[in-house]
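> This is the structure, below, for whatever I ask next.
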Amino acid sequence: MERAIKNFLSQESAGGILLMIAVALAMIMANSPLSGMYQGFLDTEMQVRVGSLDIDKTLIHWINDGLMALFFMLIGLEVKRELLEGALSSAAQASLPTFAAVGGMVFPAGIYLLFNYGDPVTQAGWAIPAATDIAFALGVMALLGSRVPVSLKVFLLALAIIDDLGVVVIIAMFYSTDLSMLSLIVAGIAILGLVGLNRKGVTALGPYGVVGLILWIAVLKSGVHATLAGVIIAFCIPLRAKDGSSPSESLEHSLHPWSTFIILPIFAFANAGVDLSPMSFGDLLSPVPVGIALGLLLGKPLGVLVFSYIGVKLKMAVLPEGMGWKHIAPVALMCGIGFTMSMFISSLAFVGDAEAYGDFARLGILVGSFASAIIGYFWLAKVLPEVDVAKESKKGEIA
């Protein structure tokens, strides 16, 4: 189990660096003579037609609805594993990150709504600063190497997973519109099919893939966001087979490199390009970007710390061994790295006539996320013990 966690953490670390490169490239293209080509590329129409079934979307929608469904499937697999066998499998293990995650969603949303009070259009973005980007946050933490205790990494990982689960619930409840009953019925039948496969002990992934594709198409057509299909599929895939193997973990390990090195960087490149040329200084200080940036930079750490403190004081949660509040505080700041998850919610919150707010939202996400990353990194570096270079070198020679 420890080896699996280490492999996961190191892979997410490398992914964080790749995400930074993708964001930088998107910003350069969006603010250069290549901006027209960049936007035109994202607006390219792509159509899939099989008989009477017709799916016609722009490239950016294929990325957000299709590729991100695979990412959310990975989230579902991680959540299921941690709930059944991992860091969230007991009340004692799950209590502190659960308190922290809830506070880390409530406070940022409250700060955003405070800045956007009275405007029903911009209020739709209340959930944008409530998300944490697990890849980016772990990537920043990994820059400190062996100085970071495993308990601190597991705390951040568990918190981010619960946060992701909260985001899934938020999307299902608040960002699904114009529902199609026929498509929902087809989706319901597909879900029953997936549950049936699980109950019958089917461990081959092929049947889940076929029924899962039907579910994704039905959910896409239903008005509920298509990424939720990925989570449902993940929850239906068996964690353990009779021979002790794990179909769920096998798929999780297969999806990880695709998600880390392809899906998330593509998503970041497609969604992070903000054209700054038409913006004035007043636009930068408007309620949407300020509410998001402060929600991430102040709301996230405050929520994580306050709710964690309440949980500990009520004796409903305990700090992991070797961890103190001086460690929790900078990690709470790193939870303000919303980035890809926040951008994803932004793409759902500001659509149609409100789409113009999307650039403001992305700007707030970038400012809040990068500020949280920088301050969190230097704060954590200050409170962690220095590595004994001579000792580490000696260890390497012995190995």
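Please read every residue number as a count from 1 along the shown chain.
Cβ coordinates come from backbone N, Cα and C, glycine included.
Pasting the feature list from Swiss-Prot:
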type: TRANSMEM; residues: 14-34; note: transmembrane segment
type: TRANSMEM; residues: 59-79; note: transmembrane segment
type: TRANSMEM; residues: 95-115; note: transmembrane segment
type: TRANSMEM; residues: 124-144; note: transmembrane segment
type: TRANSMEM; residues: 154-174; note: transmembrane segment
type: TRANSMEM; residues: 177-197; note: transmembrane segment
type: TRANSMEM; residues: 213-233; note: transmembrane segment
type: TRANSMEM; residues: 261-281; note: transmembrane segment
type: TRANSMEM; residues: 290-310; note: transmembrane segment
type: TRANSMEM; residues: 331-351; note: transmembrane segment
type: TRANSMEM; residues: 363-383; note: transmembrane segment
> Under an 8 Å Cβ to Cβ limit, what residues of the same chain, 6 or more beyond the ends of the transmembrane segment (59-79), are close to it?
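Sequence-distant neighbours of the transmembrane segment (59-79): 41-46, 88, 161, 164-165, 168, 216, 220, 225-235, 237, 248-249, 251-252, 255-256, 258-259, 263-264, 266-267, 270-271, 344, 347.
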> With pairs restricted to those 6 or more apart in sequence, evaluate whether the transmembrane segment (14-34) and the transmembrane segment (261-281) have 3+ C-beta pairs under 8 Å.
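Yes, since the transmembrane segment (14-34) and the transmembrane segment (261-281) share at least 3 Cβ pairs closer than 8 Å, they count as touching.
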> Does the transmembrane segment (124-144) come near the transmembrane segment (331-351), with 3+ Cβ pairs under 8 Å (pairs 6 or more apart)?
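The transmembrane segment (331-351) and the transmembrane segment (124-144): touching, yes.
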> Taking 3+ C-beta pairs under 8 angstroms (sequence gap of 6 or more) as contact, is the transmembrane segment (213-233) in contact with the transmembrane segment (177-197)?
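These two segments touch.
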> Under a Cβ pair cut-off of under 8 Å, which of the recorded stretches 95-115, 154-174, 261-281 contacts the transmembrane segment (290-310) most often?
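Comparing 95-115, 154-174, 261-281: 95-115 has the most Cβ pairs near the transmembrane segment (290-310).
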> For the transmembrane segment (261-281), which stretch among 154-174, 331-351, 363-383 has the most Cβ pairs under 8 A?
331-351
> In the same chain, which residue numbers or ranges, 6 or more beyond the ends of the transmembrane segment (363-383), come under 8 angstroms Cβ to Cβ?
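Contacts with the transmembrane segment (363-383): 23, 27, 128-129, 133, 136-137, 140-141, 143-144, 147-148, 272, 274, 276, 279, 284, 288-297, 300-301, 326-327, 329-331, 333-339, 342-343, 346.
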> What residues elsewhere in the chain lie close to the transmembrane segment (331-351), defined as a C-beta under 8 angstroms and at least 6 residues from its ends?
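Residues 19, 23, 64, 68, 100, 104, 108, 124-125, 127-133, 135-137, 140-141, 152, 155-156, 159-160, 163-164, 167, 170-171, 175, 225, 227, 264, 267-268, 271-272, 292, 296-297, 299-302, 304-305, 308, 357-358, 361-362, 365-366, 368-369, 371-373, 375-377, 379-380 contact the transmembrane segment (331-351) from elsewhere in the chain.
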> Looking only at residues six or more beyond either end of the transmembrane segment (95-115), which have a C-beta under 8 A from one in the stretch?
87-88, 123, 125-130, 132, 155, 158-163, 166, 287, 290-292, 294-296, 298-300, 302-308, 310-312, 316-320, 328, 332, 335-336
